[in-house]
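Some features that TrEMBL has for this protein:
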{"type": "DOMAIN", "residues": "38-177", "note": "domain 'Lactate/malate dehydrogenase N-terminal'"}
{"type": "BINDING", "residues": "Gly44, Val45, Gly46, Asn47, Val48, Gly49, Asp69, Asn130, Val153, Ser154, Asn155", "note": "NAD(+) binding site"}
{"type": "DOMAIN", "residues": "180-343", "note": "domain 'Lactate/malate dehydrogenase C-terminal'"}
{"type": "ACT_SITE", "residues": "His210", "note": "active site, proton acceptor"}
Amino acid sequence: MQKSPSASSLGPGGLDLAQAFFKPIQNSDPHSTTNRHTKISVIGVGNVGMAIAQTILTQDLADELALVDAKADKLRGEMLDLQHAAAFLPRTKINASVDYSVTAGSDLCIVTAGARQNPGESRLNLLQRNVALFSNIIPPLAKYSPDSILLIVSNPVDVLTYVSWKLSGFPSNRVIGSGTNLDSSRFRFLIADHLDVNAQDVQAFIVGEHGDSSVALWSSISVGGVPVLSFLQNQQIAYEKQTLENIHKAVVDGAYEVINLKGYTSWAIGYSVANLARSLLRDQRKIHPVSVLAKGFYGIDGGDVFLSLPALLGRAGVLGVTNIHLTDEEMHRLRKSAETILEVQSQLGL
């Protein structure tokens, strides 16, 4: 299933109208001397996958977008729906297929596909089904785009990022999970809302597991360059630790609330992943809390585990991990979060 037939050959007898319509200037060389051609593939065209695809298109992040899904009819429908918006979007070639060869030569492969939890199904059984699904997704992506960056969005994202690393054989810097990038955005929004400032002026990270054992780094939060907790202490402004815990709980519960209200999450994760794509493909060297191979950082040494840490992202993927000062309590919670993920991984038999 490729793109819709080009309108350039609609002339009599299949005449290429593009050749007839445009006359080349004299002494010209039609071949481009630049190699810039950015291709992104999105695997899975559910609500999350299409929100990501739509955001990538509107933000002009790719010259070519490839969509892959197991459901051929839905896939073609989504492709046509996006193609029909061509007059309102930056020019991007959009292809779609159930065959992974359509992803060949991708700079970034974004995986959103995943099995849904059945009623009464354990999280472990769901994870095992997703591992089986990924065994049919990751190897062909690695085959057709051996130099690409893998960005995993499917949940549980930390374990599936580890699985993708193992299945792809890629170096660890080119396998990244969306992790707590969105959690941190929710965190910044809630703090900004409390202080009535722009969320972009709030520096705050959620790290660790993308889930219940995530860790809010309260000690390093700043607003407009002012460390918040230090400011409160210096000004002798009292605050309750429970208030901080409640904000963190609101972050963790944020996705559940959206799902209960509208049935799924889509727009926020779409913007979050597009934000990561921009940092990676445009070599922005921005710091994002994403799921990376965490072994050797912050005392995490129990095994190979992916969890979210503030990471510097650029064209080569993960360029490094930020050395943020953690309190003893934050360090303890981060290690416990790593242990939680490792325990789940140990049950997979990988």
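Just so it is clear, glycine is given a Cβ too, placed from its N, Cα and C backbone atoms.
Everything TrEMBL records as a feature, shown here on the structure.
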residue	record	Cβ contacts under 8 Å, 6 or more apart
Gly44	NAD(+) binding site	Val68, Asp69, Val111, Thr112, Ala113, Gly114, Ser154
Gly46	NAD(+) binding site	Thr112, Ala113
Val48	NAD(+) binding site	Thr112, Val153, Tyr264, Thr265, Ser266, Ile269, Gly270
Asn155	NAD(+) binding site	Gly114, His210
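Packing around the residue listed as 'active site, proton acceptor' is summarised by its Cβ count: 31 other Cβ atoms lie within 10 angstroms of its Cβ, all protein chains included. There are 24 other Cβ atoms within 10 Å of the Cβ belonging to Asp69 (NAD(+) binding site). For the domain 'Lactate/malate dehydrogenase N-terminal' (38-177), the DSSP-based tally of helix, strand and coil residues reads 65 helix, 26 strand, 49 coil. Around Val153 (NAD(+) binding site), a 10 Å sphere centred on its CB holds 27 further CB atoms from the protein chains shown.
Over the domain 'Lactate/malate dehydrogenase C-terminal' (180-343), the average per-residue pLDDT in this prediction is 89.
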